[in-house]
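S.K.: Shown below is the structure under consideration.
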Amino acid sequence: MLEDGRTFHGNSYGAEGETFGEAVFTTGMTGYQETLTDPSYHRQVVVQTAPQIGNTGVNAEDDESDRIWVAGYVVRDPARRPSNWRSTGDLGERLEAEGVVGISGVDTRALTRHLRSLGAMRVGISTVDLDPASLLARVKAQPEMTGADLSAEVTTASRYTVEAVGEHRYTVAALDLGIKRNVSRRLAERGVTTHIFPASSTIDDLLAVSPDAVFLSPGPGDPATADVPVALAREVLSRRTPLFGICFGSQILGRALGFGTYKLGYGHRGINQPVFDKTTGKVEVTSHNHGFAVDAPLNTVIDTDFGGVEVSHVCLNDNVVEGLRALEVPAFTVQYHPEAAAGPHDADYLFDRFVELVEKVEAR
Ligand SMILES: NC(=O)CC[C@H](N)C(=O)O
């Protein structure tokens, strides 16, 4: 039941019961396990446009966090029998085991077109309340994503460390606003040890590990609510410690530089979004999961409290800001996911850019 009253009937998939959230669609044809376990999908009911989901089962290696985060799951045709050499289980059974309410047999193409025309909106899925009027009333009583402050609900309870692989080169303090495992994995491959901090950490907490750089993670919710991490980012910028932000982290760094953020109509979620890197002139195919974006002018150097800043990356579908680069302090961001698993890997170079930025600052 969507908040505008449009209803889709289907079969129970995963757990029975009832769930509510923001209905969003993702166009990724692979990587459903990574999608489900991405904390940025907290409070969102994910609609998969790919018609068949679950074909390769689930495995022990691909989770991006230690649980499924989506509030609900909408698919067309779930696999009746998974088959893959890495598969250790069935997706429907895993959804059920984790209490995730889903629905199958839905015309996900019609649902996606509806969301694309009218925008992301609240939704409910129920196997218990089949009365449209009462379900609709409860959908409308749910909180909206605009104004949602969710970092405290997804962040780590205490600090932990992911060690560098091979020789240790640098130490990064990462603020966990909903981090995905592949971020620290990508850094570890480059000799970086990452200390992952709870969202409420202060600048002194971060400085206690003597970081060579700070990372602001992806995460769920409305960046306009993230005043505490924005203040922290401003302190990091003032200290000229290298700073890299991904997605939610990009929005926070954008706000720290003085930009506003706004909600997109239906967001970018998928793994084939074209992004133009203005620093190289190259187009990369990238993974996205964002419903908000930074509001900044595209083709000019913008004067901020921390010197000139330019938009470094732009989405070629709709000209949305996909990255920022500070010219006078060592800080940059991307709104999309260079750490993307199951790929694509075009944007992997951004982790090299981060390490090169740290190298440059250290060499001074
Ligand atoms: N993946 C993310 O970090 C998402 C950021 C933010 N919650 C958005 O939807 O835009």
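Cβ atoms here come from the backbone N, Cα and C positions, even for glycine.
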S.K.: Per TrEMBL, which one of Ser40, Ser65 shares the L-glutamine site with Gly219, Gly221, Phe248, Gln251, Asn289, Gly291, Phe292?
M.R.: Ser40
S.K.: What is the set of residues, excluding Ser40, Gly219, Gly221, Phe248, Gln251, Asn289, Gly291, Phe292, whose C-beta falls within 8 angstroms of the centroid of the C-beta atoms at the L-glutamine site?
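M.R.: Apart from the listed residues, the neighbours are Gly178, Pro218, Pro220, Asp222, Pro223, Cys247, His290.
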S.K.: So which one is it: of the binding-site residues Phe248, Phe292, which has the fewest other Cβ atoms within 10 Å?
M.R.: Phe292
S.K.: What active-site residues among Cys247, His337, Glu339 have a C-beta sitting less than 6 Å from any atom of ligand 1?
M.R.: Cys247
S.K.: What does DSSP call Asn289 (L-glutamine binding site) in the simple three-state scheme?
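M.R.: Asn289 (L-glutamine binding site) sits in a strand per DSSP.
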S.K.: Let me know how many other Cβ atoms fall within 10 Å of the Cβ of Gln251 (L-glutamine binding site).
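M.R.: I count 33 other Cβ atoms within 10 Å of it.
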S.K.: Mean pLDDT over the domain 'Carbamoyl-phosphate synthase small subunit N-terminal' (1-126): what is the value?
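M.R.: Taking every residue in the domain 'Carbamoyl-phosphate synthase small subunit N-terminal' (1-126) and averaging pLDDT yields 98.
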